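Enquirer: Handing you this structure, nothing more for now.
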Protein chains: 2
Amino acid sequence: MLTAIYTAVGELVGQGADKISFPVIAERAGVNPTTLYRRWPDVNALLEDVAIAALTRDGESVPDTGSLEQDLTDWANIIAGDITRPERARYLRAMVAARVDLVTNCAVTDARHEQAAQMTRRASERGEQTPTVQQILDHIVAPLYYNVIFALPLDDDHPRRLVRDVLAMTR
Amino acid sequence: MLTAIYTAVGELVGQGADKISFPVIAERAGVNPTTLYRRWPDVNALLEDVAIAALTRDGESVPDTGSLEQDLTDWANIIAGDITRPERARYLRAMVAARVDLVTNCAVTDARHEQAAQMTRRASERGEQTPTVQQILDHIVAPLYYNVIFALPLDDDHPRRLVRDVLAMTR
């Protein structure tokens, strides 16, 4: 049932639907609207759950090439390729639009944090100089998401440039 | 009349209004709904115009302290202080949520680009090493907006750390 609901929301968001209400979602998913009212306080909360599920379900594997520069470049390219897909970009915008108060944790950020920590841990073990996880989030992840969320074009070389910049900080 | 419309939208967004439609805005602004239908193709287009006006109207002056590090730090703190105000943060999210297709220019980004160019130009004239304008956008502006848009907390020291990072790239 959850899958039907998430799919319905995904389709509605994907079609750029203007009015996404519990009744509209329920009809599309073939469930009773009361199911939705019981489970989520409002549409935004449901929208956010769907967005997080969509943005983190991939189980992306973290690159392990033996060089931090290559790992980060591959990783930045995976992220860029993923979030620039029109459907994902729309999800992302719907997700942030649904946020009103400060969040203490964010599934998207948490996943990126964990992946960055894996890569820097391996690099440290190989004796490489590494930026901090926070620097990777600030200087690779943030600019990629910023461009996509603002609907600004992201050129093919952008991920590699960001990696080069963050590594230059540690020298 | 434009001011009345923009103020009405600002109030509605500020109150977290769920349904912002042309009739609702028109009633609040005391104008005829046809005025809105004639001027904007849809509510999102109006919302975006308002957001841009709100986010760029300040005519913020660009710091000129005689040191690029201090200029960038002051500037990053101004931006952080500005966009973390709850009303501004809401505007920002409403603006990005209204974007569907890639934009070729963005008033917010353009304004930041011009400010960064001013500061690096002055620093170059003083003989200082400077990052590029794109690096300033990627590594100072993007992480600040990223945190605010994702509703993640931004600590007081964050702007200064970002500036230190971007300057470390040029050494």
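Note that Cβ sites are derived from N, Cα and C of the backbone, with glycine treated the same way.
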Enquirer: Taking A:21-40, A:41-60, A:101-120 as the choices, which stretch does TrEMBL tie to DNA-binding region?
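Expert: DNA-binding region, as annotated by TrEMBL, spans A:21-40.
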Enquirer: Going along the chain, which residues at least six beyond the ends of the DNA-binding region (A:21-40) come within the CB cut-off of under 8 Å?
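Expert: That would be 1, 4-5, 7-9, 11-12, 46, 49.
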